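Database features, via TrEMBL:
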type	residues	note
TRANSMEM	20-41	transmembrane segment
TRANSMEM	61-88	transmembrane segment
DOMAIN	69-181	domain 'ABC3 transporter permease C-terminal'
TRANSMEM	109-132	transmembrane segment
TRANSMEM	152-176	transmembrane segment
TRANSMEM	204-225	transmembrane segment
TRANSMEM	237-259	transmembrane segment
TRANSMEM	288-310	transmembrane segment
Amino acid sequence: MTFRQFAFNNIFRNKRTYAAHFLSSTFSIMVFFTYALLLFHPDLQGELKSTSATMSAYGTMGFTISQGLIFVFSFFFILYSVSSFLKTRKKEFGILMMQGMSMRQFKKLLLIENMLIGLGSICIGIFIGLIFSKLVLLISASVLMINNGLPFYIPVRAVLLTVITFLFLFLIVSLFTFKMIKVTELVELIRAEEKPKPEPKSSILLSLLSLISIGYGYFSVFRFISSSSFTTLGMGVLLVIIGTYFLYTQCSVYILHLAKRRESFFLKRTNILTFSELIYRMKDNATMFFIVSIISAVAFTAIGTTAAIGNRNLVWMTNPYTFLYESSENNKLVDKHLSIIKKHLLDANIPYRMASSSSKFTESNVNVLKLSEYNELTRALGYQHETIEKEDEILLIPGRVSQKQEFKNGDYKKILKSFKEIGQRHFV
């Protein structure tokens, strides 16, 4: 038997030992491939290029950065998976060392095993990604509100990117693995599995911190919608990441400890066995759960954000005019600014139509506009003149892509609530 055959048989004869590492690697590859599938989709690339050069650049940059973030998180995820995998094999390593295996052979064995698992994970991950690719495209088209959907295509570039990227990643992980190995006394390696694990501990302060961080983080993200402050957005994202980490490592363990203290519940049927084991499992896998959550969040948030940046409908709805000048009510320089803008347009021989409005917002952040001012704005765009028959009627105009879809489906509940404060009853 050659050394390569020995490494190959090691994997196939101990499937249970290698299963967790293999499945976690496969999951990372599947997520990466799914994102690459969307990244190289012809229709999504077309959407990004259809708005403007600036938006196209931002959208492309966003996709690239997001892909890089997924790669970084995948690296740490697989590295953590490998470290957990090595801990369970200490006894096996001790026996191999006792039988005369040198350190060089030991590292060679780990390198071959890692690359074999890597190749297998890449094949299975891409295969699963291809099986569910049509479903992913359907869901993505629905989330991104693409009316014609995203047709299936042969993702050759996505496959090549995934294969090359993860072969490189597994090679790096193998090199890091050598640094992680600490060969101690053989007796300690052989008896590693016999050592009892200390009972997992948790902190009530860190548990509360996790909930507060997640709550305030999401609140900050929603505040970004109205404030448009990237500092607020960045702080919100950072707090959510910190909160998610402590949610898995501290809060989940603390909740299980609380359940354990309730004897009426803990001593019922097999709960004593289930929860005693679950506490250890939760603590051992907390970091992996955290990384999986972050990888998934980064992937799907990036898909939505970067596609939204380049979505023609979204850009048209938020800024339908070539030039838009906004001013506060007390601005005394309005006339001066408008004169400067007109002068530049005339100097450049650019024909234009000008329209203005003074809108007001309800407490629910709904923009209320006079019909005469609305018609003045639409006339500048060449739209049809609108009329209403009754004095207590209003005309609903969607301000978001999602709201446009809601109006098409006849869903006016959210808007109806916001107009109760101004006493409107009839809607057109």
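Each Cβ is built from the backbone N, Cα and C atoms, and glycine gets one as well.
Of the candidate ranges 109-132, 204-225, 237-259, 109-132 has the most C-beta pairs within less than 8 angstroms of the transmembrane segment (20-41). The helix, strand and coil residue counts that DSSP assigns across the domain 'ABC3 transporter permease C-terminal' (69-181) are 93 helix, 0 strand, 20 coil. Averaged across the domain 'ABC3 transporter permease C-terminal' (69-181), pLDDT in this predicted model comes to 81.
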